[in-house]
Amino acid sequence: MEFLITSTLNGVIYGMLLFMVSAGLTLIFGMMGVLNFAHASFYMLGAYFAYTLSSIFNFWIGLLVAPLIVGIIGILVERYLLRRVHSYGHAHELLLTFGLAFIFEELVKLFYGDYPVNYRMPDDLNFAAFNIFGTDYPFYRVFIGGVALAMFISLLLMLNKTRVGIVVRGAERLPQIAQALGHNVPLVFMGVFGAGAALAGLGGAVAGAFYPTNPNMALELGVIVFVVVVVGGLGSLTGSLLASLMIGLFSSFAVGLDWSLAGAFDWVGLGDWARSVGGLLTMSISSISGAMPFLLMLIVLLVRPAGLMGSKN
Amino acid sequence: MLSNKAVLTVAGASMVLGMAVASSAQAETLKVGIVESLSGSQTSTGRLYATAARYVLEKVNEQGGYNGDQIEILEYDNGGNTSGAAAKVRQAIADGVDVIIQGSSSAVAGQVSEDVRKHNIRNRGDEVLYLNVGGEAMELRSNKCHYHAFHFTSTAPMRVGALTQVMSEQGGLGDRVYSINQNYSWGKDMQEAIKARAEEYGYEVVDTVLHEVNRIQDFAPYVAQIKSANPDSVITGNWSNDLLLLMRAVGGAGLDDITFGTAFLDQVGNVANAGQGAMGNYVAHLGNIELLSEEFVNDYQSVTGHYPVYVEPGAVNGIKLFTKALEEVDFEGGDIDVNQIAAALEQTTLETDLGEISIREGDHQTVMPVVVSRVSKDVKYPVDGTDMGFEPIEVVSAADAIFPLQESCRMRRP
């Protein structure tokens, strides 16, 4: 029971963090069709800007202003780089963002050094939210979950209930008609890209204080964020949330499970044989918990090629 | 018309000149290639090894160089991966290096060591030395050992041996030890070493975990596992994020009474990131700035711009051992034979601030003392801009720290 509750709690919060970072990517892909490889770099920039701002002013100003700066960088990237290659198709956009990811990483090293910086949550947030089975549960984890939830709800409401949402969806579905109706479609795209980048920046500002802020953070989270978007169904916000939670829970439960293929062979009485063979057969799930998201992606792609909530299933 | 005498003088002078030119053309420059991770995710460690090696070699150049010439130091960026390393080793050898220095990542070290071994088999008389300043995998000292590879760094048994000895003396070890390590050669070595020491120091290994390297973002599930095993101490060989995230997660869960025994807590940025959670935890390392002579520390600071940190003191000692061996071999301005340097290196001992270090002939592992330190506020050199630093607790002597020679090392000598 303890295992069940603790693992669920940990998995859900980690899932919310993943959602926080992948929401922007989902938005950009869903609305613009751009697969933004530099997305995790915006997450990293958010963390670094928040670090700088929080050391000059305070943590909360960092949390609010850093996403805005990242958003502006996103707008500049869209306006001056992506828009130029847009007419050459998606492959060029993808390659451009791929290159940007490397440039951002080396730039961060240039300005902030190779080592993790000392970006920490303020002391008044560093307390235990509650105690569960004798273990403190850090409040900041709950805070991360809360921010992610707020992000999800406001994005959903904005896209589905407001005029801005209608224009954005219209510009994505039928750009020429939207343009004919007098909407500035390039401006809409620029705004969407900026907003997506800002969301990643907010994710970085929040998560960077809990996980170390270092030049590798984009690399570490970058791949998994893609897995979230693919599993969720490219472009679906609800799908992303679902995928994030699944990956969070899968990874969390896998750590505690000492299952192996040899254990499965026990059912047919071949357990001892399997253990004597060793290798893959005795590898426990816990030692490959990091591969869980990719396993999940494989299965989802085989069963539902467009992802869990993808529109083209 | 020139007199006969004048002709002779001119001829004589040109002969002297010619001989001088010939001898300077013969003098072979010692070329050292530093093949390190200077970009990519391992830059933070790779850069330190390169800095430390360069520091020692440039000291030699200041003293007049070697073999009648300055030592030529070439830097190559291996990008932190084995394919990059293989390419750069080829390039370095093509550039004519005599010695290759590399440290960060055992995987890369394995690649470099094998490439050097193969090159040396195929190119008798034109061998290359490999100085491993950071690859700790036991494999490099067992079935992959070879005559031209020298290992200036410690291994898991050396670190764990020193850690368990000192932690048990200090009372930090307890009866229940939890082993959590990364799932590759280094982490497995650590886990083996932790199990192997259990009987001697009277502890029980309550659980062992191997997890993926630098891919886990959330260590909370592992903390739940640690908590349910109820250990007194956690011994881990984790480095970089895997160590930081683990310590933060344990601290956040309020399990403050668990003592950590680590191998890499002194990595730059770790103490600041772990915050107060770092206090009282142990690290076994090859050098502690608190124990180094002030003269060296200040000189290092003035040359490189920072105090010797993390792997730097150990790497400096290793390369110093190498340059001391160079003094023993005099090629008199002629061709450099690395086999002679290797033979001299086997016989060289160096007095360091911590004690004597030397090379074991059987597997070319450096026999050296290991320092066990504890994070404390009672230090001369606080780290990472905090008020904490590493207080040396005990220097475990070279003889006590060394692990037995592995039988699987069959070194063929030239």
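Glycine residues also receive a Cβ, built from the backbone N, Cα and C atoms like all the rest.
As recorded in TrEMBL, the features of this protein are as follows:
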type: TRANSMEM; residues: A:12-39; note: transmembrane segment
type: TRANSMEM; residues: A:59-82; note: transmembrane segment
type: TRANSMEM; residues: A:94-112; note: transmembrane segment
type: TRANSMEM; residues: A:139-159; note: transmembrane segment
type: TRANSMEM; residues: A:187-211; note: transmembrane segment
type: TRANSMEM; residues: A:217-234; note: transmembrane segment
type: TRANSMEM; residues: A:241-261; note: transmembrane segment
type: TRANSMEM; residues: A:281-303; note: transmembrane segment
Completion exercise
Lying 6 or more residues past either end of the transmembrane segment (A:59-82) yet within Cβ distance under 8 Å of it, the residues of that chain are 34, 38, 42, 45-47, 49-53, 93, 96-97, 100, 121-122, 125, 189-191, 193-202, 204-206, 209
Handout entry: Residue numbers, six or more beyond the limits of the transmembrane segment (A:281-303), whose CB comes under 8 Å of its CB atoms
Key = 224, 227-228, 230-231, 246-247, 250-251, 254-262, 265, 274-275
Exercise for the section: Could you tell me what the rest of the chain brings near the transmembrane segment (A:12-39), counting residues at least six beyond its ends with Cβ under 8 Å? Expected result: 77, 82, 90, 93-94, 97-98, 100-101, 104, 141-142, 144-145, 147-149, 151-152, 155, 168-169, 171-172, 189, 192-193, 195-200, 202-204, 206-207, 221-222, 224-226, 228-229, 232, 234-237, 239-241, 243-249, 251-252
Completion exercise
Counting only residues at least 6 beyond its ends, the same-chain positions whose CB falls under 8 A of a CB in the transmembrane segment (A:217-234) are 18-19, 21-22, 25-26, 29-30, 37, 39-41, 43-44, 47, 101, 104-105, 204, 208, 211, 240-244, 246-247, 293-294, 296-297, 300-301, 304, 306-311, 313
Completion exercise
Sequence-distant residues near the transmembrane segment (A:187-211) by C-beta distance (under 8 Å, 6 or more away from its ends) are 17, 20-21, 23-25, 27-28, 31-32, 34, 36, 39-40, 42-51, 54, 59, 62-63, 66-75, 77-79, 82-83, 119-121, 140-141, 143-144, 147, 151, 155, 167-168, 171, 178, 217
